Amino acid sequence: MNKSLLRQVQKEARNHDTKAIASLLEKEDFHSVAECINVLGSDRLVVFTSLNGEKQAKIALALNYRSKRSILPQLPDKTIVSFLQLSDEDDAADILQFVSDEHRNAILEKLQDEKRKRIETLVKYHPETAGGLMDMNFIVVKPDFNLQDIAEKIDRYTIREKKTPLIVATRDDGTIIGYVPYRNLILTSPDSLVKDITRSLPLISAQTKKRKLLHLLSRRKLEVIGVTDTKDQLLGIIHVSDLAQLIESETTDNLLQFAGVSREEDMLDPASVAVKNRYMWLIVNLGTAFLAAFVVSRFENTIAQMAILASFMPIVAGMGGNAGTQSLAVVIRGIALGELAWTNGRRIILKEAVAGFFNGLITAAVTIPIVWWFTKDLGIALVLGSAMIINLVVAGFFGAMIPLSLKFFKIDPAVASTVFVTTATDVFGFFAFLGLATVVLL
């Protein structure tokens, strides 16, 4: 959508001129309209409700998380019902997660029995589990079905549901054999049976969390995944091609958590919301900063006698903080993908500490000649280089140890690690630098 049209929409939204908004957006496709609504602030609801019902239903699914959160809870039940009637079951479940339990039950009662039962199955599961991500677009065939049997079943399903299903083969007791790719139907001979053209179907529990699901996808090249209940009966299907948004969402969540920002925070929210979401971590960070300041205060006499030391303290802190963040990023990624746990953590902690030592040697080799030339004092240069080596070892050690420890205590390492790693590198870095200066130079 061009900027000129967006400005016009914003202007009419402020005037609450719904007819003008509808006219402006009449020829725009629903993805463009969704993008427009996503960048609006408090005017989102006005623009959304200016559109006709069918367009609203399509746009509702294309909105981002924050737009859905601000718009859907404010819509009347009958509007939500119309969305669900026009949506697939998995999309309907996605919409209902933004509706209160009280309204959700009233909405579901107004749907057809079969569709209601399917949606109720989906909404039982958290939206970030396999059960919340699956769809129920599949048919079940038996191993001795021929191509004609399959074709008839596909035709009946397609006429009823207006979409093409995945073909899943099961035994009489419900045991899942696999699935039949459509290319196999096309390339095989007419007298072939299901058991001859079935491919293995990877299975996961409906309670599987999205991180474990993404870990599975990172290790295996898959097209579809079957989702089962506690009795290993098939509940639904996850198409890997549909998970791009999930991967983007997970990456965004990790980035926000790493920075100490809530996923709930919207760029267009008022300042009060940003303050509410951020102040606690800033206070925690303030407390840890006082700890570093306390360490520096213990060397007040050293700094007073050699004031030039103060000018090099940011180098020690900055190098340690950057090295710690590098270790932290690698370890948190490993934890998220299920590759790291406390059981194999010792080796990782040692590896990061050793890497920190050698990186410290390299950076010290660069730093010492520069500081010597700058200060004409080899002692200061050697103290700074030594402190840098020590601090990069500390950064590697704590950059690996802290997230693993937090994971062991069931605390999300992406949320809490940064503050503690930065504190460790500041405290140990200043202590090493000023302590060595006190011993060697004074």
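A Cβ is built for glycine as well, from the same backbone N, Cα and C atoms used for every other residue.
Here is what TrEMBL records for this protein:
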- 197-254: domain 'CBS' (DOMAIN)
- 279-297: transmembrane segment (TRANSMEM)
- 303-332: transmembrane segment (TRANSMEM)
- 353-374: transmembrane segment (TRANSMEM)
- 380-402: transmembrane segment (TRANSMEM)
- 414-441: transmembrane segment (TRANSMEM)
Stretch in 303-332, 353-374, 380-402, 414-441 most in contact with the transmembrane segment (279-297), if contact is a CB pair under 8 A: 414-441
Positions on the same chain near the transmembrane segment (380-402), where near means CB under 8 A and six or more residues out: 306, 308-309, 312, 315-316, 319-321, 323-328, 331, 345, 348-349, 351-357, 359-361, 363-365, 367-372, 413, 417, 420-421, 424-425, 428-429, 432-433, 436-437, 440-441
Outside the transmembrane segment (353-374), six or more residues from its ends: residues with CB under 8 Å to it: 312, 315, 319, 323, 327, 380-382, 384-386, 388-397, 400
Cβ contacts under 8 Å made by the transmembrane segment (303-332) with residues that lie 6+ beyond its boundaries: 254, 258, 292, 296, 340, 348, 352, 355-356, 359, 363, 367, 371, 375, 380, 384, 387-388, 391-392, 394-396, 398-400, 402-404, 413-414, 417-418, 421-422, 424-426, 428-430, 432-434, 437, 441-442
PLDDT averaged over the residues of the domain 'CBS' (197-254): 78
